[in-house]
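Okay, structure first, notes after.
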Amino acid sequence: MKKISRKEYVSMYGPTTGDKVRLGDTDLILEVEHDCTTYGEEIKFGGGKTIRDGMGQTNSPSSHELDLVITNALIVDYTGIYKADIGIKNGKIHGIGKAGNKDLQDGVCNRLCVGPATEALAAEGLIVTAGGIDTHIHFISPQQIPTAFASGITTMIGGGTGPADGTNATTITPGRWNLKEMLRASEEYAMNLGYLGKGNVSFEPALIDQLEAGAIGFKIHEDWGSTPSAINHALNIADKYDVQVAIHTDTLNEAGCVEDTLEAIAGRTIHTFHTEGAGGGHAPDVIKMAGEFNILPASTNPTIPFTKNTEAEHMDMLMCHHLDKNIKEDVEFADSRIRPQTIAAEDKLHDMGIFSITSSDSQAMGRVGEVITRTWQTADKNKKEFGRLPEEKGDNDNFRIKRYISKYTINPAITHGISEYVGSVEVGKYADLVLWSPAFFGIKPNMIIKGGFIALSQMGDANASIPTPQPVYYREMFGHHGKAKFDTNITFVSQVAYENGIKHELGLQRVVLPVKNCRNITKKDLKFNDVTAHIEVNPETYKVKVDGNEVTSHAADKLSLAQLYNLF
């Protein structure tokens, strides 16, 4: 067999086992763990290449003939960092491994048949990740959806009804009628969507009614009263109906302190929003909750990574919660939530795997298009400050990369009961995939595939003779249009709503699927971010200790994935 140099191989097929790739302009270096190909039998599309009739393409279609093959992709996922062909059929990932013509080529997987019906997408030199999942969405404006989508987010979970004051402050779609209208409005968008009902209710029939109306769970928010009674009732119904509860705890400690909230939770699983506290929650020590086994702790992106500007911008952001900067008590309320010491600790807690999820808090103290970027900026800042993680093996950052990608893919999927459908690059899941050039990883995707169909891509002038002439910018592709979007996007609902036929009741055309397995999980089920610990906060200095050791980080004055890539 003719041999070629590693440099030539990479230029033709992308990096292979042992090759290293830098992510964007960060210091994060991945190493390809293994390559599923058979060397010498690689498939590649194009003139003089191998995906041709009677070569890499078979003449004998089978039940495993693919609709789309993504060739030579570098997959970055909690399951591994490896090279493979990805086969898509009927909108789902049908196989991962070596694709081609089994009649002629060695090593072709049974489920990866390239045939007459197969389209090809070349991923040589590109990284493929699962679409991101943002679980802290205030549905204030529908314009958030394409903004998030263009950043690589393919699932949004939260609540709201538009720019009402309740939605500006809380991620809640309250009541049957509001849920009905939001579920109907969801039909329009290339995005998986799920809505949280109001959990601030001490009357269980009202909670059940929202689940029957299609809510995927409950949100408890201090602006509606995060009392022990509301917490207990919401969790009682969540346990009965297998849905998740998210909580923004009581900043003012009016109905109790953090210990009282933990007592009301009583060891039951709950998803804590902005667990550091600047976004809201028991002052000054809500961060203690992150160490508990039953707490699924999330950050929102204004506080990560910690920079020299973080503290200053938060006061203005806090006013969105229907506060008035001219009212002394409102200013004191806001000021109680902004603690540089706990914000500084948050970055380190992410690096330790104690904080498990990243999210946005869209237009309500967070930026909906920056979840992915902020996650990788935090990873890079922590590597620069703290060095390699002790869990790393070999001269790479693979463990840290898996830890951080899990924070916005598989872990939010597990938390909200949708990991059977989305959240990772695994066979059987919907093909919600994001393609990245390594130089732009984490900041500007090349292309987004939604339910197996291209929905958004960087695209040049439509009047040009080829696809690439300037101006190149994100443009909606066919997956965004017509009835195709009904087949390739999911509306998530509770199991009771699904079983009662809510799709037919509301005349929904999109795929409708139930959430499940929300109550039989703990933090130990979260990938690469399952660390529990005893966390303390000094009530006077706000310094944070983990298992007796102080944790903090420096405020960065420069970040990766920032001005190098953006004009504004």
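Backbone N, Cα and C atoms are what each Cβ position is placed from, and that goes for glycine too.
As annotated by Swiss-Prot, domain 'Urease' applies to 131-568. Looking just at the domain 'Urease' (131-568), the mean pLDDT is 96.
Here Swiss-Prot flags His136, His138, Lys219, Asp361 as Ni(2+) 1 binding site. A C-beta separation below 8 Å, combined with a sequence spacing of at least six in one chain, links His138 (Ni(2+) 1 binding site) to Gly158, Gly159, Gly160, Thr167, Asn168, Ala169, Thr170, Thr171, Asp361, Ser362, Gln363, Ala364.
Annotation comment: Swiss-Prot describes Lys219, His248, His274 as Ni(2+) 2 binding site. The Cβ neighbour count for His274 (Ni(2+) 2 binding site), using a 10 Å radius and every protein chain shown, is 27.
Secondary structure at Lys219 (Ni(2+) 1 binding site), taken from DSSP and collapsed to helix, strand or coil, is strand. The local packing around Lys219 (Ni(2+) 1 binding site), expressed as other Cβ atoms within 10 Å of its Cβ over all shown chains, amounts to 30. Among the features that Swiss-Prot reports, N6-carboxylysine is placed at Lys219, with the record citing sequence analysis.
Its Cβ taken as reference, His221 (substrate binding site) is surrounded by 26 other Cβ atoms within 10 Å in the chains shown. Swiss-Prot lists His221 with the feature substrate binding site, giving sequence analysis as the kind of evidence.
Annotation comment: Swiss-Prot describes His321 as active site, proton donor.
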Cα proximity to His274 (Ni(2+) 2 binding site), best match among binding-site residues His136, Lys219, His221:
His136
Binding-site residues (His136, His248, Asp361), the one with most neighbouring Cβ atoms at 10 Å:
His136
Cα-Cα distance linking His248 (Ni(2+) 2 binding site) and Lys219 (Ni(2+) 1 binding site), given in Å to the nearest integer:
8
Just to verify a number: CA distance, His221 (substrate binding site) to His248 (Ni(2+) 2 binding site), in angstrom, no decimals.
5
Return one of helix, strand or coil for His274 (Ni(2+) 2 binding site), based on DSSP.
coil
How many Å lie between the Cα of His136 (Ni(2+) 1 binding site) and the Cα of His248 (Ni(2+) 2 binding site)?
11
